[in-house]
There are 2 protein chains.
Amino acid sequence: MMLTLSCVRFCSGLTTFRTAAHVRPLHSVSGITVAQIDEEVAKLLELKAQLGGDDGKNQFVLKTPKGTRDYNPKQMAIREKVFNTIIGCFKRHGAETIDTPVFELKETLTGKYGEDSKLIYDLKDQGGELLSLRYDLTVPFARYLAMNKITNIKRYHIAKVYRRDNPAMTRGRYREFYQCDFDIAGQYDAMIPDAECLKIVHEILSALELGDFRIKVNDRRILDGMFAVCGVPDDKFRTICSTVDKLDKMSWEDVKKEMVVEKGLSEEAADQIGQYVSMQGGMDLAERLLQDPKMSQSKQACAGLSDIKLLFSYLQLFQVTDKVVFDLSLARGLDYYTGVIYEAVLTQAGVAPVANDTQNGAEENVSVGSVAGGGRYDGLVGMFDPKGRKVPCVGVSIGIERIFSIMEQKAEALAEKVRTTEVQVMVASAQKNLLEERLRLVTELWNAGVKAEVMYKKNPKLLSQLQHCEEAGIPLVAILGEQELKDGVVKLRVVATREEVDVSRADVISEIKRRTSEA
Amino acid sequence: MMLTLSCVRFCSGLTTFRTAAHVRPLHSVSGITVAQIDEEVAKLLELKAQLGGDDGKNQFVLKTPKGTRDYNPKQMAIREKVFNTIIGCFKRHGAETIDTPVFELKETLTGKYGEDSKLIYDLKDQGGELLSLRYDLTVPFARYLAMNKITNIKRYHIAKVYRRDNPAMTRGRYREFYQCDFDIAGQYDAMIPDAECLKIVHEILSALELGDFRIKVNDRRILDGMFAVCGVPDDKFRTICSTVDKLDKMSWEDVKKEMVVEKGLSEEAADQIGQYVSMQGGMDLAERLLQDPKMSQSKQACAGLSDIKLLFSYLQLFQVTDKVVFDLSLARGLDYYTGVIYEAVLTQAGVAPVANDTQNGAEENVSVGSVAGGGRYDGLVGMFDPKGRKVPCVGVSIGIERIFSIMEQKAEALAEKVRTTEVQVMVASAQKNLLEERLRLVTELWNAGVKAEVMYKKNPKLLSQLQHCEEAGIPLVAILGEQELKDGVVKLRVVATREEVDVSRADVISEIKRRTSEA
């Protein structure tokens, strides 16, 4: 019996029942042997260890998985605001929206992400298909187009993606995070949809008021052409490209060292690359490079440079050239880009989360963190089509976790009062035994579409009802009392001014609607 | 060399590059042996098999995982409408919202779902924590409350959940599906929050216009009390409860058989249960059962019955008793309920998806499919709290996949034109070489917040621009031509009536805004 009791003490909740069931056979045995007891004790101690030892309580870890987080109501209110801005922009540009499952067949993701494939989350093989969590929204989009034989669409997709990366959550880097993607698929005239993607990034980052930003633009064909004319062997293009991609986090010296020492590139080739990747400019730079004796030898580079020129001419019409820079050091990690690539970075270190937790002072003004990126990927849909039919695509992905982090910090810094509900009126009573009257009135309000609340107590104190309004930012209180009921009125109180006015019961809905639509 | 060529033929896209790399060593070996060739051939054939055999194209399956689906733009438009109705209702009742990760630590879900635990999706162990996809939103909510020591909150959460069930997708049953949850946590007076949950179900199902519905109500304490007074042994409560839960899909005869034959219940006990579970009514039934000589012996049952009475009195004030039935056969599957439980079913077989694909004519009017369910779970948060502190909770979950299916069918049946974008105006041109002018005007419109589109072609045909407007339901076209540019006007065309009017360039934005705000 003691055994049972001591065991029960280790457990709580549902587990108690199971353990009791486990122990029962022990009692039903009349002539129990020492060996049998030892065996049972061992079993129970094992069970105890599983349950967390001697602490007398559950010992499981109460947390979200590594690299993930909950959003509390305040964070959700900020998130909703950001989403509304982004969706508003996507809709203004005429995008439809689609949704795809959170997981895909494993093979759908295979061979699309280069070295980053190791970061894909796989599901356990529980029988049936092998599945992986989506790594981005671009590959599912391409799969969707091929599967439904869609050759042109302008769509946005806002959803969570998953990467088994080493999270740096203070910098807004998570393993589960939202992407807000806008893509244009279809055979169109060069650079018009590409320019619209940049216009969208410009509109969204301006509207969110995150401080100054810069949109870097380059082209995979220019990079490849540059590698060719600098003497990089064909089979080293991708790996040298990855190294160039680190220029926003590493100095040129370190990048060069990686090229030469780790990747075996000749020092001469590296130095030639070094001259190009330090170049930044606008349409003029593209024109200059078209005249560059070395660069102009590459047909690919010339095609890319002509398109950059065309792109800038459209960007001028879109009135966004103030933030766009043609930057030859921009490379981007993903395998599937085939043409224009771009990346937006916030340049105001003050508001950016990276500046706060950087270990290295020198970095402070360098890497403020990319908040959007994208480019042209004309080959990806063809990889899914059984006949290899290509659908040219260009798109952009807004990474909002960093944006959230910044907006949260801003809200905190300003000590902004963020409302987490939209309640317009609280139905309250000053006296006891008026629950029924309160429920009757709140029903009328709900049925009329008014956002209203009532306390779930039979006899709440007026003070606690008013306090709730202050805390939650509810602007009005509809107060019922014996006198009001007798007079056929409701006392309407404005929380901010404490002003009170009796409104006839018949007019109370229209009066509340009038007052809250004013605000 | 032939070997290389034939191999390359099997492949396409990125895989080509890899295979070529794979074959290269063969050529660099000068004195190759037959055995070596055989070995290489074997390797290549294996590679070929992996790539899909002789078909000369990629053979991977182009599909979404079993039990999942994409949402196309039309489906998304319907989904958005449904969500807006539901969120509108949740906000009207003053709920905040939260979000939690799509996966939880595996142990967080352990021991919460009874027999259904086998349907949980686990992630592959790739090092680090063991994770599972969330099975519902209730357990993550309880984990969130315990983790943040929150003792009262009214929140909604709309997100996807995952169950490795056998999907019946034509009936709107999927492995990945949305739940829209509304829950009230806190120590309040009995039945007030519970009644509000039912009010919410009533409001949402009425607003969605899905035809008639019924909300069945019962209480776990009444079920347990009933089992006790009918002579069901304590340790059979849960399993007999699961069998009772099948009464909406099976006849009483079959349910009784399962109780007696499979679960070893005495026939006498089963018959007594049979008498109770056929009972349906309202407050009157609860009163009658409180007088029932057998039922009244159970304290638990009496507590449940008194609460049902109280619940109905609040439901009267909320004006929803027309749809609510106290039904003793309602059991609900999940382990964690401790008090009131409820489930909403659509009763109009005509619009319900089940009626269409049922094999068994007799079923047709029985199981139209549950679209919402919930109840009180006062013990769940305590299972997560290190000190076992309880937070009473009650909530409801709206399952919208079935609702989507019905709305989709309705839209199809009515041949409704569902708009998938909100574009107000298309900027078009009648002549060539006006791309720049179009881009200039569309930029003005975007910057003024007008939803506008332009074709991504240098010289699109006017007809194809007008056709796009017809198809996409865009109401206005702003047409630019040489004459209009000369006159400083824009030709505004109403797509529906083909009426055209010249508007001065300076007034075009306000004119478009005026016309589209009218609609």
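The backbone N, Cα and C atoms fix where each Cβ goes, and this holds for glycine too.
Note that TrEMBL annotation is computational and uncurated.
Summarising the annotation, TrEMBL assigns L-histidine binding site to A:Asp136, A:Leu137, A:Thr138, A:Arg163, A:Gln179, A:Asp183, A:Arg332, A:Tyr336, A:Tyr337. Non-local contacts of A:Arg332 (L-histidine binding site) by the CB criterion (under 8 A, 6+ apart in sequence, same chain) comprise A:Asp245, A:Ile341, A:Glu343, A:Gly373, A:Gly375.
As annotated by TrEMBL, domain 'Aminoacyl-transfer RNA synthetases class-II family profile' applies to A:38-425.
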Worksheet, complete the sentence: A:Gln179 (L-histidine binding site) falls, by DSSP collapsed to helix, strand or coil, into strand
Discussion item. Using a 10 Å cut-off on Cβ-Cβ distances across all protein chains shown, tell me which of the binding-site residues (A:Thr138, A:Gln179) has the largest neighbour count.
Written reply: A:Thr138
Worksheet item: In the structure shown, with every protein chain counted, which of the binding-site residues A:Asp136, A:Tyr337 has the densest set of Cβ atoms within 10 angstroms of its Cβ?
Response: A:Tyr337
Worksheet entry | Three-class DSSP secondary structure - A:Tyr337 (L-histidine binding site) | coil
Worksheet item: Greatest CA-CA distance (Å) over the residues A:Asp136, A:Leu137, A:Thr138, A:Arg163, A:Gln179, A:Asp183, A:Arg332, A:Tyr336, A:Tyr337 that the record ties to L-histidine?
Response: 21
Worksheet item: Do you know the mean pLDDT across the domain 'Aminoacyl-transfer RNA synthetases class-II family profile' (A:38-425)?
Response: 89
Response to the item:
Once DSSP output is merged into helix, strand and coil, A:Arg332 (L-histidine binding site) belongs to coil
